[in-house]
Amino acid sequence: MSTEDEKLLKEAKKLPWDERLQHKNWKVRNDANIDLAALCDSITDPKDARLREFGPLFKKTVADSNAPVQEKALDALLAFQRAADADASRYAKEVCDAIVAKCLTGRPKTVEKAQAAFLLWVELEAAEVFLESMEKAVKNKVAKAVVPAIDVMFQALSEFGAKVVPPKKILKMLPELFDHPDQNVRASSKGLTLELCRWIGKEPVKAILFEKMRDTMKKELEAELANVSGIAKPTRKIRSEQEKELEEEVVPEAAGTNNSEEAVPEAPMEIDEYDLVDPVDILTPLEKSGFWDGVKATKWSERRDAVAELTKLASTKKIAPGDFHEICRTLKKLITDVNLAVSVEATQAIGNLAKGLRTHFSGNSRVLLPVLLEKLKEKKPTMTEALSQTLQAMHKSGCITLLDVIEDVRVAVKNKVPLVRSLTLNWVAFCIETSNKATVLKLHKEYVPICMECLNDGTPEVRDASFSVLTAIAKMVGMKPLERSLEKLDDVRKKKLSDMIGSASDTTSGTVAASNTGVGTSAREVMDSSSMRRSAASMLSGKKPVQAVPATKKSGPAKSATAKKTDGGPQSKASAAPVIEDVEPSEMSLEEIEEKLSSVVKSETISQLKSTVWKERLEAISMLKQEVESLTELDKSAELLVRLLCAVPGWSEKNVQVQQQVIEVSTYIASTVNRFPKRCVVLCLLGISERVADIKTRGHAMKCLTAFCEAVGPGFVFERLYKIMKEHKNPKVLSEGILWMVSAVEDFGISNLKLKDTIDFCKDIGLQSSAAATRNATIKLIGVLHKFVGPDIKGFLSDVKPALLSTLDAEYEKNPFEGTASAPKRTVRAADAVSSASSGTSDGLPREDISAKITPTLLKNLGSPDWKLRLESIDAVSKIVEEAHKRIQPTGTVELFTALRARLYDSNKNLVMATLSTIGGLASAMGPAVEKSSKGILADVLKCLGDNKKHMRECTLTALDLWVAAAQLDKMVPYITVTLGDQKTGSEGRKDLFDWLSKHASNMSDPSEALPLLKPSASSLMDKSSEVRKAAESFMNEILKICGQDVVAKNLKDLPSPTLAIVAERLKLSTVHEGFSDSVKMVTTSMSLPSKAGSKNNKHGPNDRGSNVSKAVSQRGIPARSSVTMISSQDSIQSQALFNIKDSNKEERERRVLVRKFKFEEPRREQIDELKIELFRHFREDVSLRLWNSDFKRQIDGIELLQKALPSSRKEVIELLDILLRWFVLRFCESNTTCLLKVLDFLPELFDVLKDQSYMLTEAEAAIFLPCLMEKSGHNIEKVREKMGELIKQMVNIYSLPKLLPYILEGLRSKNNRTRIECVDIIGYFMDHHGTEVSGLLKNLPSVAALTAERDGEIRKAALNTLATAYKNLGDDVWRYVGKLSDAQRSMLDDRFKWKAREMDKRREGRPGDARAALRRSVRENGSDIAEQSGEAVSRSMAGSMISRENFGYSDAHMVPRQMATATPGPADWREALDIVALGLPEQSVEGMKVICHELTQAVDPESSVLDDLIKEADRLVSCLAVMVPKTFNFSLSGASSRSCKYVLNTLMQTFQIKRLAHAVKEGTLDNLITELLLWLLDERVPLMDDGSQLLKALNVLMLKILDNAERTSSFVVLINLLRPLDPSRWPSPTPPESLAVKNQKFSDLVVKCLIKLTKVLQSTIYEVDLDRILQSIHIYLQELGMEEIRRRAGADDKPLRMVKTVLHELVKLRGTAIKGHLSMVPIDAEPQPIILAYIDLNLQTLAAARMLTPSGTMGQTHWGDAGSNNPNPSTHSTDAQLKQELAAVFKKIGDKQTCTIGLYELYRITQLYPKVDIFAQLQNASEAFRTYIRDGLAQVEKNAAAGRTPSSLPLSTPPPIAPIPSPKFAPSPVHTKSINNKTDCNEDDAGGDTHPFRGQGEIDNRLQTTNLQTDRYQSSGTLDALRERMKSIQAAAVGANFDGVQARPLPSMNGNTLHGGTRLDADPQTQNIIPPMDERALSGLQARMERLKSGSMEPL
């Protein structure tokens, strides 16, 4: 720079900024901009005043005409923007306009800086200004200026997101840009559109832009949109957000938390398309269209067209608001138009208006809604669909909310048309699902009652819709709002609702999980992609940018340094994610390279490499090669050496020899080093690829490329070569490069390649090349790929020209698929090379994710009622698979398979075939993963083989071929096995399946795959179709080849013998013949015996199934034996037993029977074969031969043999009853009447034997016999019918009537009219003889009444007779049970009932229904007698005896006699119901319990006064129900329904839920009830009953409710009483002696659990219980045991004893010494002493020791008061306070009439021992009457003591006056006690019922044993001396029991279930609060205080 310039610049610096920046000299302006930039960079405060000064300057500086100055001005602007804050945005408009005008056409660097400035303006919150400037920029005529403008909008949107950069303005700009003449502008606009799709979604962009776009552009964009995935996330924030984030990050950074980058990504922003479009005025064009005239036209078509015009205009996205009231009034009329088309059009118009106007349409929507809801009654699908869509649109658009339309909905759901009700509720469900949680929380209170009411609707659709609404509410806000309402639902509806809610929540959770995953991934993608600055055009496919070099340059050194550190130091096993290698080489000058290589390569060598003389260069490269080969640590210098070779001589070297040497050195380095950097490959690859094109260097270059592949993997090398070869101008580079790729694939295989990229490269570049050499090389490459990949590669090349396809096919033949056999010849050294592989599939071909294409619309259309739509959807699925090149991922296909499964059952067979083809294509495209995704659809595919159309079966087999190619045959075997055994498959289907299996059997190399198919195949050898037998035999031979004879024989041994014989014969299995058992030989013999007779008889008896089997089997080659041999041995056979039950496994046989199957089905062939085997196995041979003979006479002989043996073989007959019944069924199915009559003679005798044995048929036996008996009861011979009818009537003796009824009802559905008549008659018989209510016959009357409409007169007559019988029993009540009848039927019935009444009157039988009413009246009048009589009757009719149980173990004082039927005042219904329950009949009592439950429900109402009346009856009710518990359970166990059990438990539950009723239950009743409940809880038969698990649960819950609400004192007393061993007679069933002890133990465990529950809450309920009664019950329990038994049990760890001690311990702990005041019911002066007293004293001592309260003297002292009597000490005041409290407690006892005697006695003792103590000083505030009472009482006690009488037997004649002590200060406060006592949980172990006693309790036991307490050592305890002696003895024992140990031992802590050892006392201050406060601290009661007073340490009060 010249001196003048320097001087000028120096002078200019003195000028103001504006002058400097506008100076005429460009250097001055340039210098000023530089200074300004530096100054702005130095400013740290955004509010600096200088920034305001600089802001206006930039509008001129950035428009400088000098390019360098302009660039510096932009630098200054950027510095200013970085320093300023959002206030600077005021300058944005002028500056942006200037930049748009001058900077966008400048140098590339200038453009880049201008774009950066724009982005900073956006950051400074001037996005609107920025977009306004862009609107001007894109209108620039110069395309060069438009592209940067589009790019900067793209970058702004990409970085800041749609929230900061409004998309609306950008969308307005785009249509013009799509038609721009410049292709770069069009490409950039496409990229910007794609970015918009990422932010606001594809659909809004399509809707707004596509209509304004040319078709070609549309097509291009459609293709690009397919690549847009994921959801965008902003990567940059505006300035204010940055500042806020900085403030928020200060605290986390200080605390050392994670960076903000690791925060959870925000949810993607949702942008409404509605906000993006401009409103359109439709009112003006509507006026012009003639709408108003059209809607008034008389022609319906004109009205429709007028409304259609409105619909069309309103279909715009956003409608401008206006006055639409008149339009809506018109539409309201048109909705109800008589013409459906007009009505539909009007409805659609309303929907469009709602969508376009949104909230502006809310008022009109409210007016229209009632009409729309009313119109839902229209049944036409078009109308219904239009209404549904309109209603949904009104809600979604916000026109109406459910809160606003409650009344409209309420009216609609009461509409008389069910369709209106159901569709309204469906709409409500939709609205709730699309509302937010806050809205639903507001409205649920209104809608839940509506839904609950609709659940009782008579129409199923309405109920289902109501369930949907409740499900939607629960899904949105949880179950809590529904809980109250759900209590009113029955169990079935509750279960249905919970199932619906569960399935809905599962679906929701699955969807949420999936969506979350997607968001996470996309966010990560966005972060990765936004790290580089991109152009808009880079969004287009094929133009995606390479990794940005600037970014990698920065991170390069850091990453390499990290890598070096990692290599040097030891790596941990659980290392972090591997560091991604930087593959882009950074720039490095030759000087740097020389400097770094100075220690490795000589400087002369490098100098010579630079020489211009080729010989010197050749010599230098040779020297370099030697030096490199001599290096020992080549790894460190590898990259530098490669860089050196690339620089000198470089790849532009012209000399071939030098070139070859350079390539050789590179090859050596690549193949020698341990880790060859990918950067080196990138540096060399372009040069090497060019050398491949040269024939002189080709060999060396190819070898070098191969070495690169070994070093870094072929995937990386191929990926880099694609781009080089594609863009290179020399065609040889492409052709020869592809040829090298051929050799590379052969060497390395395909495991490291991205096959999709390779195939795309071949298809798009290689095959499209104009050079033949390139095309041929590409064909070779594809051929080699085929060798590794297989035929699947063809799917990716299907769109190639036909000529090329034929050439490719020829190449495929040269390179056949080798699969796993084609192992690679070379291996890759790099560990991370495998990561380049595209997918984890075995063939390496990529699979496409098609889940996005499986749209809800597609799935919906698959189930459309329109068959064309269904077919289109199936074809669409096939098209999706084709587009994915028949390679798909299983993601998202589960729902697709579910939808396709439904189409396999389509009524349109063509659709089924199309579905089969599609399923096959899906399986083939998905590969092995189809097995998991298809959800068992294969079973449904195989069912299509049952179709009789051959074409259908062929389609199925084709689908199976494709399936087996995808998933192995072994995965299909389970489905095929089921299909082969299914008779519905049909013979043709089974034959085709066997042929198919034979074809594919060769693929089963593993024998275990074929074994499951053996048995169904063997069974098919006996199929009636010869084609099936032939195909099965062929397949069996294939299995034989695969598995071998031994394996087949071993797996067939358990087949039925006839089948086994056939298999052995057909397959020539010698091993099977050898392995035949004797029974099989016997069967073959028996089958061959009657062959001749069978063939003769067959002409006369074609229905003899047994003979058919015998004949068929014998004809198939089973060797026959001579009948003579068999007959000659008959004498020896006769001596054998008739039955063989040794190996009978009846349970196993019954398990195979399908129970609960009431309909009769003909016996199948395999069932007959199985019966034959069982018959020969378990019956004597001669009997079996007779029974299984084709001659009916022989069969009759067999029956006679059974008849004779019946009386003596009852046990055996019962064991084999199921076999006999199956044989009888076979006889019923035959036409031989003689044999049938013989069977019918034998069966009554058999049933009589069963009845005598009290045997009841099992479910399986009934399922075998009864369906056939009912079906055949309509026999065409009258005599047979009569016998069968008698047999059915006899069945009730061995099978309960309720269980028999379903079979009879099934008979009513028979196709045989005679059967139906017989079944109706039988129902009538049972009604007449067993009553209508006993067995639930009333439920079946509707079925009988329905038969009165039959054509057949006999059926009508029978039905009328049966109903007349019902009328006789029920009277007019019968009409309640007959169901809905037509008028004609009612008239017919009415006539018959009148006739019946007349007949009854003639016979003097009274009026219909009188007997029933009389029974009820007699129940009320003398319930006890009737109860007794009916109870006896029922007990006789039941199989299980009902054992009455007695109360025991209660003293007379507390036993309450039970009076069953005493009439007490109460509601009439209640008393009548109680009388019915008292009868004791389980079935009838249900009706009574219903009434009781209803009354109890009413009683809960707080306004009701019923409860007071019911309380008087509570004890009687519970007493009756307690008696009903065993009766109902025994009744249910005898085979009846468990209904009555449920009602009893439910009634008890409702009773005990009301606390006042529970408290009114007396102790004796409670004892009986608890005993019954616990016994049934333990009964092992209960779980086996119907609903057994529910009953057990109900018993448990009921017990808990009783413990919660019953009177607690009674509960304690009852449970302690039940701890004694239970009387054996009280168990529900006879108990073996050896198990009685075990049962008692279990019973005690349950009682203990109940006591634990009561004891746990004792601290809070201590003031609710009568402690005197509880202590009395404990006393009785301990006294009954005795001291010796207590010691023995303590050693045996007896739970009941421990529990009693625990209860006592808790009571002592909670009440302290005051517990002694509750011994009024314990004879404390009895001789010997009660055991409980010793336990109380020792508990007090233990608790005091735990609290560390020790006597005032030394440990050796035996009482309290000997030490320090005259020494005043701090404890004196506390002692005074204790004495005051003790006296207060005594006075309190005296004030209570229950304890006044004991109180006076204690007070008397104090006065006798310590006469100086003035007890009346405490009574200054008491009344004179109370003081007088005490004086008189003391005198009376003194008198009694002199006479030697105990106080417990001497109650005072006068009760004490009330409230002797008004001040509460001396009495312990219950509130205070609760607050200061630490809350302790009782020890409990729920699992085993085990109780761990308190630790202190164990110490008491030990002390009692060490003290060797002998109660008889004391003299009379009636004297004070005796009491004193006893107290001293106990204290001495306590002192001798090591108090140190007591103090040191930790106190236990309870945690609810298990007792754990506690902490030391000094460690846990809370445990020290267990002992009550001062008033209850003394250790040995009154004695301690007496001693203290005596010693004079306390002054008299």
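Each position is counted from 1, following the chain as shown.
Each residue, glycine too, has its Cβ placed from N, Cα and C.
Swiss-Prot lists region 'Disordered' for one of the ranges 236-264, 584-612, 1860-1888, namely 236-264.
Residues of the same chain lying 6 or more positions beyond the ends of the repeat 'HEAT 8' (931-969) and with a Cβ under 8 Å from any Cβ of it are 890, 893-894, 897-898, 900-901, 904-905, 909, 912-913, 916-917, 919-921, 923-924, 975-976, 978-979, 982, 984-986, 988-990, 992-993, 996, 1000, 1003-1004, 1009. Residues 1149-1151, 1153-1161, 1217-1218, 1221-1222, 1224-1225, 1228-1229, 1233, 1236-1237, 1240-1241, 1243-1244, 1247, 1250-1251, 1300, 1303-1304, 1306-1307, 1310, 1312-1319, 1321-1322, 1325-1326, 1330 of the same chain sit 6 or more residues outside the repeat 'HEAT 11' (1260-1294) yet have a Cβ under 8 Å from a Cβ within it.
Sequence-distant contacts of the repeat 'HEAT 5' (441-479) (same chain, at least 6 residues past either end, Cβ-Cβ under 8 Å): 402-403, 406, 409-410, 413, 418-419, 421-426, 428-429, 432-433, 435, 485-486, 488-489, 493, 496-497, 500-501, 504-505, 508. A Cβ distance under 8 Å defines the sequence-distant neighbours of the repeat 'HEAT 3' (321-359), meaning residues of its chain 6+ beyond its ends; these are 274, 279, 281-283, 286, 295, 300, 303-304, 307-308, 310-311, 314-315, 365, 367-368, 371-372, 375, 378, 380, 382-383, 386-387, 389-390, 393-394, 397-399. With DSSP states grouped into helix (H, G, I), strand (E, B) and coil, the repeat 'HEAT 5' (441-479) comes out at 32 helix, 0 strand, 7 coil.
Taking H, G and I as helix, E and B as strand and the rest as coil, DSSP gives the repeat 'HEAT 7' (890-928) the counts 30 helix, 0 strand, 9 coil. Confidence for the repeat 'HEAT 3' (321-359), expressed as mean pLDDT, is 90. Note: the repeat 'HEAT 3' (321-359) comprises 31 helix, 0 strand, 8 coil (DSSP; helix = H, G, I, strand = E, B).
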